[in-house]
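Right, one structure below, let's go through it.
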Amino acid sequence: MNLNELKKKAAWAALDYIHPDTVIGVGTGTTIFYFIEALSTIKHLIYGAVSSSNSSTLLLQKQGIEVFDLKNFSSLRVYVDSADEINNHMQMIKGGGAALTREKIIATMSKKFICIIDNSKSVDVLGNFPLPIEIIPMALSYVSKEIIKIGGNPRYRKNVITDNGNIIIDVHDLYITDPISMEKKINSLPGVVTVGLFASRSADVLLIGTKNGIKTIKNSK
Ligand code: 5RP
């Protein structure tokens with residue numbers, strides 16, 4: 001079974017966590033593409049969605065799912081998104097698709113974060129996947145210098161402007177043993193909009209697509 005088939009399995013399993021008559025928080029990426037397809041089959045049961053990116057908004061609308069403006073909501077019942085890496089504490093690296101800031105806003109305001117992945121994304125220690133950071137363009141050199149001080153190797157992601165008009169650096173060579181303090185440290189640098197470490201707001205339920213079916217892990221925090 002290839003990774004796309006495993007992503008699809010996890011995406012369809014997330015439908016079990018959707019409550020009728022609610023607005024669903026929807027993430028970004030290839031796994032979420034399958035989730036949006038799955039969600040469209042029960043669209044008559046929900047009010048609609050709030051979206052973490054312009055690309056997901058287009059996909060949702062194409063499927064006839066109404067997309068609401070997030071600024072009119074202060075909390076949501078459920079957010080469904082994927083991750084680039086996730087550890088045993090359900091802490092994640094996200095932002096491979098450059099949507100990390102909106103993703104973190106929606107994840108944080110949602111009561112339940114359902115993370116859907118194929119089984120290649122589970123790791124013991126975060127950092128093999130380069131850590132994305134969204135930054136204000138003028139802070140590029142300063143933030144890069146500070147990242148080098150903490151042992152990272154920052155690389156500017158070419159030809160990418162986020163939905164918020166900012167740029168991304170991807171930090172290689174980090175071995176993140178304390179994700180919560182790393183998240184705080186990087187977020188405190190002036191010019192950083194969001195770091196793609198989701199440690200303070202970890203996932204609540206992890207659905208892993210494997211060749212033997214869905215593995216479900218619930219966060220005991
Ligand atoms: C986008 C993300 C995605 O969740 C992450 O990159 C995983 O993507 P995919 O489902 O394509 O593997 O954080 O910003």
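Positions of Cβ are set from backbone N, Cα and C atoms, glycine also.
Annotation source TrEMBL lists active site, proton acceptor at Glu103. Counting only residues at least six positions away in the same chain, the Cβ atoms of Gly27, Thr28, Ser52, Ser53, Asp81, Lys94, Gly95, Phe198 sit under 8 Å from the Cβ of Glu103 (active site, proton acceptor). Taken residue by residue with DSSP, Glu103 (active site, proton acceptor) is part of a helix.
The 10 Å shell around the Cβ of Asp81 (substrate binding site) contains 30 further Cβ atoms across the protein chains shown. Positions annotated as substrate binding site by TrEMBL: Thr28, Gly29, Thr30, Thr31, Asp81, Ser82, Ala83, Asp84, Lys94, Gly95, Gly96, Gly97, Lys121.
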Among Lys94, Lys121, the one of these binding-site residues whose Cβ has the fewest neighbouring Cβ atoms within 10 Å: Lys121
Residues near Ala83 (substrate binding site) in space but at least six apart in sequence (CB under 8 A): Met92, Ile93, Lys94, Cys115, Ile117, Lys121, Phe198, Ala203
Cβ-based neighbourhood (8 Å from the centroid) of the substrate site, residues Thr28, Gly29, Thr30, Thr31, Asp81, Ser82, Ala83, Asp84, Lys94, Gly95, Gly96, Gly97, Lys121 excluded: Gly27, Ile32
For Asp81 (substrate binding site), the three-state class that DSSP assigns: strand
